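Engineer: The structure's right below; bear with me while I get my questions together.
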């Protein structure tokens, strides 16, 4: 089974022998026994301490000191700790590593406690349940997921139940997936930060590389238990109102999620008020390999640079950024929805949308603020953000209702007006927060200073008592100096001893009899008098009552806002959607994207197609290329040199199609794109050492998935099939796969290969065409043209690419001789050279490496001699100019 990434449950102490420990350690061990699988942060004064195995693990993960405290069984008890004021930083690091932490706070009063101060677990922080701003990545969803697979009967289809919850937005979904590939794809799409699975889960190989794994008892996946959990949360008698009642395997997974979130949050969850059945019938399906190879939101190294999302995402709000990523990972097949998005984008492009972006930037992450409101964990600055958002909503609504509908002839007003209605306005809430919360509140309510003056008369009165303390103390000090004649007399205060009258020791014999000594210092004596004691009681009482009242008023803000939580969440969702649409309008205008036509007829056609990522990160001008596949031309066999652009051309086609199916404009012109149900890629491969699979096995597994699942409406990218085995095996497999895709499946396929024998398929199969990316040789160098042309390439230029890569010239020259032998048939059928073993390709080293320096010309000269100026387009001429600049550097 997979590791759970949790703290070891064992410690060096046996809870059954608690009596050998101090009372404090007994208390710790009892609490730890209730949370054996997670780290326990145990509050002691100004630190959170960890003991035993927790201390060892925390010291390693957080790079903090490991010390010792007391003994257990004759051995020192390992201990580590972090200061309470910096705990959020440490929690953020642990959550990022997939760890969970139980926070134990002191809840008793040390002054009245007999024995250790009472402590309780106040919150449990896990990767999938955190809502604190400091612990979250604001541009990525924080998904808690559960997977369940019932015991399979003979010949029964393999079904997985999969449920996800984003506690920071309340979005709760379930689905049922057929087979391992479907589950792998869904895990890749949703990328949960925490994954729950039953302790008898039989498919550990699908999840054991993930962080944040949590093994759960089987009873949490019981159907009746799960149903009860869900109906209890939603306040319903059954689940039929959500349309999920027939998806029992998915319900089992969702029930586990709900049980876990209740166990960890220990509070009401009013924003989780529904569950949505996710169907893949209305989406363009992509498997895990495709999502990875296309580098949608993460590149092949796991970073976020040079991905499709990094180019498309210039959103104004974090919630808009997260929604855009969900759109990218879930392209739709519903053309009605997609055309509506296109109309909205066009309407925004024809309006002064920068005003809208400025307003949205000030809105911030309203979704997550509202989630903290629902969990009653919102902080003072969250209320300040809500106040600012409420103040901006009227301007945004006015913009949607007037600026766009009056200036745009393209967008149907009802499209964006519907968003305006969902955004709504909350003038009462705006007024409430304006009156209640100060302009720049502190981070926490703990020490008060949040509620604005004038909001509550009693609070103002109590605060005045505290403020008046300074005037009174100054007056008392002057009065006592005059009365006693002691010039050094001062009135002061500290938190330990309270208020006091301080007199230098040399004048202490002058103090009146009613002065009662409170503290003796080296050079001074401190006293208290009845009048000052009475003032102290009044002030401290007023401060205590003021803070208690302020906290009560703060809690009342939750009570006043929460009844409208559902509508507020709908407003936040609408703002996120508006942000994405505005962002796509800006991207289309800034990056010269065009509106594609989504057609009912099969096929993919566009001109001047560009790779959305490569064109932005490349220094050289990007060479745009067309594509045309249709029912009469379903497969393109693509040949050409390595580095010639074959993979870029294939990927750009898939990305352009995907962008069209999220409703975006695309980096291509004259686009007509027909129905697409799936996108498959078989591009690149590496060993899967963890599963014991070779590169070739990975390649064949991905190929098998394509051949078993592709349809006539699928887009398939196949790159270098068969290269991981012998030449004849590889060629045979590539030939058979190409023929099967073209004739049996009839998928729209881009098939890149270096097996030039495959180009002969075009003579036998009318639905197959050859295209190539050309290159031009200049002496010893090569220049890649990157332009797609009809017909097959005449060679692969592998030796020239090897030379560019820095392979020693001696090796390249030897390879050229061997290539000549192979091409002229100087190798026997057995593959042995008809010469002495000593007569190798390096035998003529002395002759061949003797260079004629005088006869050599520069690469720049060779290139200039090869150019025919009258045949060049302006674009090609500019291209040559860039190439010449590189050569003369």
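Start at 1 and count along the chain as shown; that gives each residue its number.
Yeah, the Cβs are placed from backbone N, Cα and C, and that goes for glycine too.
Quick paste of what Swiss-Prot says about this protein:
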BINDING   640, 641, 642, 643, 644, 645, 646, 647  ATP binding site
COMPBIAS  1-17  compositional bias 'Low complexity'
REGION    1-20  region 'Disordered'
Engineer: Which residues, in sequence order, are found in the same chain with Cβ within 8 Å of the centroid defined by the Cβ atoms of 640, 641, 642, 643, 644, 645, 646, 647 at the ATP site, excluding those residues themselves?
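Structural biologist: For the ATP site, the extra neighbours are 648, 773, 784.
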Engineer: Sequence gap of 6 or more, Cβ distance under 8 Å: name the residues on the same chain that satisfy this around residue 645 (ATP binding site), in order along the sequence.
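Structural biologist: When sequence neighbours closer than 6 are ignored, residue 645 (ATP binding site) has 623, 773, 784, 786 within Cβ distance under 8 Å.
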Engineer: Three-state secondary structure of residue 646 (ATP binding site) from DSSP?
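Structural biologist: Assignment for residue 646 (ATP binding site) reads helix.
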Engineer: CB neighbours of residue 644 (ATP binding site) within 10 A?
Structural biologist: 26
Engineer: Sorted by position, what residues of the same chain at least six away from residue 646 (ATP binding site) have a C-beta under 8 A from it?
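Structural biologist: For residue 646 (ATP binding site), the qualifying residues are 638, 639, 640, 719, 752, 773.
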Engineer: What residues, ordered by sequence, lie under 8 A Cβ-to-Cβ from residue 642 (ATP binding site) and sit at least six positions away in the same chain?
Structural biologist: 754, 796, 797, 798, 801
Engineer: Return one of helix, strand or coil for residue 641 (ATP binding site), based on DSSP.
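Structural biologist: The residue in question, residue 641 (ATP binding site), is coil (DSSP, three-state).
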Engineer: Taking the Cβ of residue 640 (ATP binding site) as centre, how many other Cβ atoms lie within 10 Å?
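Structural biologist: Counting Cβ neighbours of residue 640 (ATP binding site) within 10 Å gives 28.
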